[in-house]
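Chemist: Take a look at this one; I'll ask things after.
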Amino acid sequence: SQYSAVDTNPLSVYIMQPIWNKIIKIVPLWIAPNLLTFSGFVMILFNYFLISFYDWDYTASGTSPGLVPTWVWLFSAFTTFCAYALDSIDGKHARRTQSSTPLGELFDHGLDSWATSIFVLSFFSVCSRDNGKTGVSVYTMYIYLSIVLFNFMCSHWEKYNTGVLFLPWGYDISQVVLIAAYLLTGTVGVEVWQKPLLFGYYITDVLVILLIGFSLFLSFPQTLYNIHRAHLKKTLKNDSLYEGLLPLVSPLLLFVLLTVWVVLSPSNILAKQPRLFLWMVGVAFSNVICKVIICQMSSTRPELFHWFLFPLALVVYAAISGLLGGMEEAVLGVFTALVTAAHVHYGVCVGRQLSEHLNIYIFSLKKRVQE
């Protein structure tokens with residue numbers, strides 16, 4: 001299917017696009033677009049592990065503000081900007097080099113589905129965990145992450161039904177806010193997040209309120225409206241309501257299972273291992289969404305239950321029933337490692353299959369030689 005995306009965000013159209021159009025001219029024509037996409041992702045990952053090294057349990061900013069060196073925040077601003085730029089120019093570069101392929105589209109959206117959670121998890125280090133005075137509770141972090149992922153899911157669910165990806169306004173805004181937040185933290189220090197801004201509200205409160213407002217009152221209604229409009233125009237991809245709603249089943253069940261674990265965990269797993277747990281949430285979500293993206297691109301029907309749900313249900317049952325006892329953290333660690341390995345393996349396999357099928361290399365513009 002031909003890729004089509006619509007971007008109506010004024011920030012993107014009037015400010016960012018002209019910048020990308022200038023940057024794209026520097027990129028040599030021999031560079032493969034997927035290499036740009038992947039480089040951006042690697043920068044986000046590297047930045048995430050760097051912050052994790054200084055602030056594993058999300059307490060550094062709140063308890064001892066000097067723990068994360070200033071250069072790390074400035075480096076975060078730099079990597080976030082680079083990743084944002086690379087993610088914005090990869091498609092333009094593909095058109096410029098006449099190398100737009102379904103593999104490129106999948107590569108871009110697949111990595112985005114994972115990067116989305118990593119952006120959020122890196123940002124939590126800025127606000128820090130609730131320490132009784134300032135910071136955000138780990139439950140707020142979990143809800144915040146879920147809302148961001150819900151937004152991401154909506155735009156791809158919408159594309160599954162309408163065939164058009166309406167780029168969410170939240171994307172450009174969130175990237176610019178992230179970069180500004182890192183720059184602010186790097187120049188002023190994390191203390192800026194620990195002083196009330198207005199009427200006793202902290203900047204973090206304002207950001208959370210904005211995020212929830214944007215999602216519930218802007219993104220989600222827009223998604224429903226776009227699907228409704230396609231229905232009226234009779235351009236919907238799926239005839240039945242069942243088929244239209246099918247991609248939502250697995251992500252919603254995933255959210256239900258994870259929430260049950262968070263709420264009923266005997267050892268309060270989210271408070272004990274927020275970084276591991278939230279990472280696992282992001283990876284599991286990314287894998288579920290990648291399946292939806294592939295179904296939407298190949299016009300196939302997603303399966304009702306994603307396979308991750310079965311081992312997850314077992315682990316959650318074992319945890320909340322007390323079967324795991326003191327092993328809950330260790331089991332979370334093993335499960336997180338397995339889910340991450342499975343997701344990477346899946347990505348590599350799909351990439352290989354598509355590159356063979358389309359007779360192209362993933363990271364090079366050279367054509368494969370037909371055997």
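Just so it is clear, glycine is given a Cβ too, placed from its N, Cα and C backbone atoms.
Straight out of TrEMBL:
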- 26-50: transmembrane segment (TRANSMEM)
- 70-86: transmembrane segment (TRANSMEM)
- 136-154: transmembrane segment (TRANSMEM)
- 197-220: transmembrane segment (TRANSMEM)
- 241-264: transmembrane segment (TRANSMEM)
- 276-294: transmembrane segment (TRANSMEM)
- 306-324: transmembrane segment (TRANSMEM)
- 330-348: transmembrane segment (TRANSMEM)
Chemist: Other than its close neighbours in sequence, what residues sit by the transmembrane segment (136-154), given a CB gap under 8 Å and a spacing of at least six beyond its ends?
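Modeler: Same-chain residues near the transmembrane segment (136-154) but 6 or more away: 58, 112-113, 116-117, 120-121, 124, 127-130, 168, 170, 174, 204, 208, 211-212, 214-215, 219-220, 223, 248, 251, 255, 262, 270-271, 274, 277-278, 281-282, 285, 289, 292.
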Chemist: Taking the transmembrane segment (70-86) as the reference, which of 26-50, 197-220, 276-294, 330-348 gives the largest number of Cβ pairs under 8 angstroms?
Modeler: 26-50
Chemist: Given a Cβ distance threshold of under 8 angstroms, which distant residues of the chain, six or more beyond its ends, lie next to the transmembrane segment (306-324)?
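Modeler: Answer is 250, 253-254, 257-258, 260-261, 264-266, 269, 284, 287-288, 291, 331-332, 335, 338-339, 342.
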Chemist: Can you name the far-off residues of the same chain, 6+ from the ends of the transmembrane segment (276-294), with a Cβ under 8 Å from a Cβ of it?
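Modeler: Residues 106, 109-110, 113-114, 116-118, 120-121, 124, 141-142, 145-146, 149, 152-153, 156-157, 160, 247, 250-251, 254, 258, 262, 269-270, 300, 302-303, 306, 308, 312, 332-333, 335-336, 339-340, 342-343, 346-347, 350.
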Chemist: Residue list, the transmembrane segment (26-50) vs rest of chain: Cβ under 8 Å, 6 or more residues beyond ends.
Modeler: 72, 75-76, 79-80, 82-87, 89-91, 93-94, 96-97, 99-100, 103-104, 107-108, 111, 114-115, 118-119, 121-122, 361-365
